[in-house]
Amino acid sequence: MTPAESRALSAPHPEAAAGLDDLDETVSYRTPTTRTAGRVATSAAPAEASVGVVDAPAAPTTTPVDTPPEAEPDLPADADAEVPGGSRWRGWTRRRQHLAVGGLFLLAALWVTSRIWLDPAGRVASLYTGDPAQVQFFLAHSVRVVLHGEYPFYTEQFNYPDGVNLMANTAVLALGIPMVPVTLLFGPAVSFVVLVTLGLAGTALAWYLMLSRHLVRNPLAAAVGGWFCGFSPAMLSHASWHPNIISQFLLPFIVWRVLVLTRSARPVRDGALLALLVTAQAFINEEILLFTALACGVFLIAVLVQEPARWSAAWRPLGAGLAVCALLAGALLAYPLYVQFAGPMAYHGLSDAVQDYGNDIAAFFAPGSPTFGGNQRANINLAPNYSEENAFFGWSLSLLAIGIVVWLRRELVVRALAATGVFFAVLSLGERISWWDRELITGPWQLLVHLPLLDAVVPTRFGLITSVVIGLLLALAVERAWALRPADRRTVRTLTAAGLAFALLPIAPMPLRMVSRPPVPDFITADRWREYVGPDQTLVPIPVPSMGNTHGMRWAAATNLDFKIPGGYFLAPRNGNTGDPGRFGGRPSGVGQLLEEVATTGRTPKLDDRQRRRFTDELRHWRAAILVLPVRQQNAEPLRRAVEDLVGPGRQELDVWVWDVRTLTDRSV
């Protein structure tokens with residue numbers, strides 16, 4: 001999400017010298033070994049050309065080792081060249097290293113998701129169970145897109161008959177379509193857990209690979225940076241609910257391609273590559289893509305403000321590459337974006353409540369709830385909710401990050417990263433800045449919240465950018481510590497390891513908290529519903545699906561959306577009017593709200609004829625075939641009495657109560 005700077009080279013610019021295939025070797029901040037007539041010296045900052053507007057920060061050089069001139073053999077710079085097949089062995093070693101780090105990240109992701117892996121269909125995050133059900137619904141939609149050629153950007157399988165604009169929601173097509181085999185074989189619940197697991201591990205691995213090739217030489221430094229980018233408290237907070245947010249494995253490569261453009265010899269090709277990455281990310285999560293673009297822009301501005309002379313060499317290739325990217329990505333995304341902003345059930349902006357979701361200042365100094373030192377109760381007023389803990393670094397890491405910036409303040413890239421992180425940390429505070437839930441002043445976000453595109457942003461999530469900045473600072477700090485003079489090396493490395501442990505242990509990831517959830521009824525899994533529901537009719541779960549009651553969406557997802565349902569959890573225009581501000585759920589349902597109140601309180605209200613007529617009208621609008629109430633539903637008996645008071649007696653079939661209302665709703669035809 002946040003950009004990593006370009007690095008100094010030991011060869012001419014890769015686009016001019018070696019081409020894209022050699023990018024991982026030539027565009028590398030590696031510490032090359034050079035030999036002179038009298039000594040061996042390690043150069044940490046070569047003086048040759050650099051890629052991008054930022055040179056890699058210079059690491060301290062090691063102390064020269066004197067060698068008698070006559071004893072100095074005529075050897076190549078690469079020590080591996082002394083041994084036949086040395087480069088091949090080095091390549092195998094690097095691959096093994098990458099595999100080991102990737103395996104560690106995968107084990108960590110499995111540890112985080114271990115409790116839900118025990119029963120993917122029967123367990124869910126302890127709060128806000130609606131998001132997993134929504135994602136599972138979208139995964140089932142991807143199955144229909146692949147197997148039945150269903151239109152990918154809009155559906156009437158929920159919120160029938162109004163439908164839902166899927167481009168205006170997080171339909172995760174770029175994740176759901178590759179997961180179709182898993183969804184078909186094991187169901188959308190398993191696919192959801194796979195996405196969460198791979199999202200965490202894949203994001204950490206992607207940052208590790210980018211850092212190890214283009215920012216730091218030390219593998220430990222790259223691993224530390226990748227670890228934090230993939231398993232930060234903010235990522236763990238979203239892991240229970242938002243696989244689309246934690247699947248950030250394309251972002252490091254988007255960032256790097258932007259920086260390559262600042263000195264590209266082939267801006268057309270590089271712009272096209274960037275466009276393909278941007279297009280793919282748009283079908284994972286557009287908000288994260290927007291954050292990436294903003295972060296790259298702020299970082300580059302921070303660099304150029306400090307050293308304006310770099311702009312003269314950077315603006316032509318950068319402008320040309322971004323123009324190509326905009327044209328190609330615009331062509332690829334033109335129709336989907338048209339559907340999103342002007343298609344059926346499109347909305348403009350979000351509700352005021354979401355726009356005001358901001359971090360408390362104290363949230364930057366408290367450990368996240370899903371971490372070793374986290375306290376869910378203590379964090380209750382520091383974030384909008386537990387799924388939006390987008391800071392929560394703890395005191396130790398916050399102080400360490402400040403210390404790193406002070407220590408490496410002479411390095412341009414560190415100053416630019418610090419400016420980027422602080423900028424978005426301030427924006428993440430929202431419209432009203434508070435300290436321990438006590439409002440202090442108005443925040444700068446108030447000046448931006450009504451701008452196009454930004455009016456649909458959840459401001460607390462800007463903290464995700466700050467998290468990545470801290471990950472990059474950690475990588476740079478470890479690199480610098482490991483490159484200090486030999487006399488200081490052991491002490492410095494010990495202190496570095498102790499500092500990392502002190503800062504990262506309190507926010508070490510813990511298994512996500514889970515609770516059990518009701519199984520999908522046998523009436524659904526045994527296909528008994530097919531005896532009642534036709535292709536243009538709906539099955540109405542009781543309570544009616546909404547943001548707070550998403551079990552009906554899981555029922556539909558379990559059948560790969562073979563039946564339609566009214567209502568659901570999604571973003572749509574208020575009152576169902578295309579172009580209005582967005583809200584959670586479709587147009588308000590009077591009877592849906594009544595039954596939701598019964599499900600919550602267990603109290604059955606007295607109903608009059610007006611309410612019965614309204615319920616009948618809504619059933620006709622939904623083209624309802626049957627109403628289905630699970631026997632094991634919470635407050636099932638009060639709900640059964642309420643529905644019987646509205647439409648008459650039902651009957652029990654398998655593990656549900658069923659009301660056949662086809663004769664009632666057919667009267668409207």
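Glycine residues also receive a Cβ, built from the backbone N, Cα and C atoms like all the rest.
Since we're looking at a predicted model, the values are computed, not measured.
Here is what TrEMBL records for this protein:
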COMPBIAS  53-65  compositional bias 'Low complexity'
COMPBIAS  69-81  compositional bias 'Acidic residues'
DOMAIN    106-446  domain 'DUF6311'
REGION    1-88  region 'Disordered'
TRANSMEM  98-118  transmembrane segment
TRANSMEM  185-208  transmembrane segment
TRANSMEM  220-239  transmembrane segment
TRANSMEM  290-306  transmembrane segment
TRANSMEM  318-338  transmembrane segment
TRANSMEM  392-409  transmembrane segment
TRANSMEM  416-436  transmembrane segment
TRANSMEM  456-478  transmembrane segment
TRANSMEM  490-508  transmembrane segment
Problem - Interface present between the transmembrane segment (220-239) and the transmembrane segment (416-436) (three or more C-beta pairs under 8 A) - result: no
Handout entry: Long-range environment of the transmembrane segment (392-409) - Cβ separation under 8 angstroms, sequence gap at least 6
Key = 57, 232-234, 237, 363-369, 371, 373-374, 379, 382-383, 415, 418, 421, 467, 470, 473-474, 476-477, 480, 499, 502-504, 506-507
Exercise for the section: Between the transmembrane segment (290-306) and the stretches 98-118, 220-239, 318-338, 456-478, 490-508, work out which stretch tops the count of Cβ pairs under 8 Å. Expected result: 456-478
Completion exercise
Taking every residue in the domain 'DUF6311' (106-446), the average pLDDT works out to 94
